[in-house]
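Working notes, beginning with the structure itself.
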Amino acid sequence: DFGRSSELAFVVEPSDDIAVQEQPLILYCQVEGIQPITITWRKNGVMIVDSENAFMLANGSLYVSRFQRVRGDGSSDEGEYDCMAQNHYGLLVSRKAKIQAATMSDFHIHPQNAVVEEGGVARFQCQIHGLPEPVILWHKNSMPVNTDNERYTLLPKGVLQITGLRAEDSGIFHCVATNIANVKFSREARLTVSGSHSTVYKDPMILVGPENLTLTVHQTAVLECIATGNPRPIVSWSRLDGRPIGVEGIQVLGTGNLMISDLTVQHSGIYVCAANKPGTRVRRTAQGSLVVQAPAEFVQHPQSISRPVGTTAIFTCVAQGEPPPQITWLRNGQILETSDHIKLKNNNSTLSIYGINQADEAIYQCLAENSAGSTQASARLTVLWADGLPSPPQGVRAETVSATTIQVSWEKPLQNTKEIIGYVLHIRKAADPVEMEYQEAVSKSTFQQLVTDLEPSTSYSFYIKAYTSRGASKASEVTVVSTLGEVPAMPSLFIKVINSTTVQATWEPSIKLGQHEGFKLYYRKVHLSQYTGPVLLASNITAYNITHLDASVVYEVKLLAYNQHGDGNSTVRFVSLRETVERTVLNPPCDCMKDEQNNKTSTTGIIIGIHIGVTCIIFCILFLMFGYRGRLLMCKNVQEQLSTPQIPRSQRSATGLVLNGATRRDRDDRDLNGKQLDMNELERLFPASPSQEQQEKGIMSAHSLSAPHDETQISTLPLDEFSIIEEQPDPLPKHPHGSSPAAPARNHGPANEG
């Protein structure tokens with residue numbers, strides 16, 4: 001271990017700067033560490049040679065006598081500078097300092113004339129580019145604007161706001177821009193305040209909203225928002241993401257401009273300016289984004305370490321910033337090249353050096369850089385090497401024993417063997433990176449080691465180190481040898497009966513099979529000695545159907561995997577199709593199409609049956625309704641026949657129908673006009689009347705079943721009381737309607753009675 005004073009490190013590093021044309025420039029660089037230390041400077045990666053214009057001071061700083069943005073030969077003093085320090089232990093490079101020339105352009109935005117009514121808002125703006133950022137001041141009538149007046153607001157970007165305008169605010173305005181490079185004046189603009197304060201209502205309106213800003217931490221952000229309206233709107237601020245703006249470092253300039261001092265990364269976001277009409281929800285909004293960048297800084301620095309030869313050295317470097325910084329590693333000032341024993345991990349945050357030797361002893365630097373700035377940190381690797389350590393082991397040989405075993409043998413070192421306490425065998429797949437290496441310890445009296453559990457057909461590298469209590473020897477020569485090839489293992493096999501003549505063989509691919517080219521499938525009847533096959537199947541095939549089998553015999557199925565080293569052991573299964581045939585006979589397969597058709601037929605029959613049932617119900621209802629009406633009219637016909645002459649037979653139809661059943665009382669008294677039912681209507685409804693004998697019978701039946709006068713009853717009679725009377729046509733001529741017949745009517749028996 002070395003103390004802090006022995007470490008080569010920067011006390012002062014060069015920083016970014018803006019230089020003035022034709023003026024001197026000094027870039028500082030101070031280093032500490034074990035002497036002698038040599039300091040040199042570079043510009044844009046090229047070594048600076050002392051000259052009359054630029055040379056190094058005794059303290060290591062760089063002095064530029066007359067800074068020039070552009071020289072006569074086309075070169076420039078602008079660029080990125082760094083200093084390098086070197087001693088016996090290594091070389092160190094400082095951070096890069098960006099040097100720019102101070103400049104100022106012409107105004108690209110000048111103030112404009114404005115006419116605003118009294119009580120309104122006036123805004124003037126100047127814009128100019130320069131390095132460093134010019135300071136802009138405003139003059140009114142050739143005199144500096146009184147910044148003590150609270151109605152006058154000067155914003156850093158060259159904006160002048162005047163609120164609550166009065167007549168005395170009228171005048172001529174211009175701005176003055178100043179930096180170390182120059183002083184410039186803008187054109188003049190006249191402000192005219194007209195009329196008196198208006199009382200007409202005006203909706204809130206935002207004249208100018210916040211612009212998008214990108215700044216660095218610790219700077220100051222000013223978000224402009226100027227609004228008009230009558231009554232005067234209230235300006236408020238919020239974040240679009242809903243987070244509170246906070247109060248620390250927050251200030252309102254004028255009537256609504258937001259100023260945030262000492263910016264942090266947490267201030268980044270989208271800010272919303274709202275102009276609200278007092279006492280209402282009427283408002284207008286405008287928004288702008290604020291991006292705050294942070295230069296790279298280290299959360300964890302790399303630490304100097306000392307390690308014995310042959311061990312592993314690890315450096316860790318963690319940096320943060322906005323945007324996230326990129327990390328680069330240097331070795332003695334040069335970009336570090338990765339190799340088999342030098343690896344970068346975790347986005348370059350971790351540097352690992354495997355199997356270190358004296359050539360790896362150096363100063364390692366971690367450079368973190370983003371658009372906001374850069375920084376560097378360094379650490380030294382010291383490789384411990386003690387005098388009197390053993391020389392490397394000799395005669396390392398490796399011999400293949402099997403597909404998974406290799407025997408490694410060696411001879412003891414030629415020098416310093418008395419203090420050896422053991423050997424370490426380093427093992428690695430030849431195709432793997434160094435970090436995949438593993439070790440096996442061996443006693444000092446053993447000069448061979450059987451390495452097992454290796455992979456078949458794989459190359460391995462081996463080397464040996466001899467260890468003492470004071471350290472390890474250098475590594476022996478590396479020997480590389482491959483394991484033997486191996487045939488695949490037995491695959492798993494399953495047999496599934498598909499039908500009476502087909503079986504399916506399935507198997508599962510397994511890592512235990514190793515590297516195989518495919519499968520071979522055989523099958524035979526058990527009473528025969530000859531196999532059918534082999535059926536060659538690719539390594540990605542996992543199933544095969546064996547067809548055209550005899551259901552009356554038992555079959556043997558055999559499957560094996562093979563590769564370039566030969567065939568593996570086979571898996572055998574026996575299968576019989578006899579039970580499948582018997583089950584097929586006992587349980588014949590269903591005719592799915594036929595069953596489906598039957599199902600369709602049954603469904604159709606059900607639908608037809610439902611329709612028929614509904615139709616029958618409708619006919620029954622109609623039958624009852626018309627039968628009820630017919631009985632009503634029949635009763636009325638009988639009553640009128642008792643009081644009126646009989647209609648001659650000749651005026652009747654050939655057939656008459658009498659329904660024996662319930663009757664109801666004559667309801668003609670409900671007729672408001674007192675009309676009697678027209679006989680023509682009766683003749684139309686009942687074309688023929690039964691014989692007198694049948695009429696009397698019907699009358700008696702009607703009277704015997706008639707209901708009381710104050711209610712109506714419907715009686716249901718059995719079928720044997722249901723009669724149909726059919727009469728023959730009367731040959732006599734018809735008589736006038738309503739007249740009595742000339743001769744007594746003849747009684748005819750019913751031709752059909754039921």
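Quick reminder: no glycine exception, Cβ is built from N, Cα and C everywhere.
If you look up TrEMBL, you'll see 8-100 (among others) marked as domain 'Ig-like'. According to DSSP, the domain 'Ig-like' (8-100) comprises 0 helix, 44 strand, 49 coil.
The feature domain 'Ig-like' is assigned by TrEMBL to 105-192 (among others). As a summary of secondary structure, the domain 'Ig-like' (105-192) carries 3 helix, 43 strand, 42 coil according to DSSP.
What TrEMBL records for 204-287 (among others) is domain 'Ig-like'.
If you look up TrEMBL, you'll see 295-382 (among others) marked as domain 'Ig-like'. Confidence for the domain 'Ig-like' (295-382), expressed as mean pLDDT, is 92.
Broken down with DSSP, the domain 'Fibronectin type-III' (392-486) shows 3 helix, 46 strand, 46 coil. The domain 'Fibronectin type-III' annotation in TrEMBL covers 392-486 (among others).
Residues or ranges marked as domain 'Fibronectin type-III' in TrEMBL: 487-583 (among others). Across the domain 'Fibronectin type-III' (487-583), DSSP classifies residues as 9 helix, 52 strand, 36 coil.
For 606-626, the entry in TrEMBL reads transmembrane segment.
The feature compositional bias 'Polar residues' is assigned by TrEMBL to 643-654.
Per TrEMBL, region 'Disordered' is recorded for 643-754.
The compositional bias 'Basic and acidic residues' annotation in TrEMBL covers 663-673.
No contact links the domain 'Ig-like' (8-100) to the domain 'Fibronectin type-III' (392-486), because fewer than 3 Cβ pairs that are 6 or more residues apart lie under 8 A.
When the domain 'Ig-like' (204-287) is classified with DSSP, helix, strand and coil residues number 3 helix, 44 strand, 37 coil. Taking every recorded stretch in 204-287, 392-486, 487-583 and counting its Cβ pairs under 8 Å to the domain 'Ig-like' (105-192), the highest total belongs to 204-287.
Among 204-287, 392-486, 487-583, 392-486 has the largest number of CB pairs under 8 A with the domain 'Ig-like' (295-382). Remark: secondary structure over the domain 'Ig-like' (295-382) totals 3 helix, 54 strand, 31 coil, with classes taken from DSSP.
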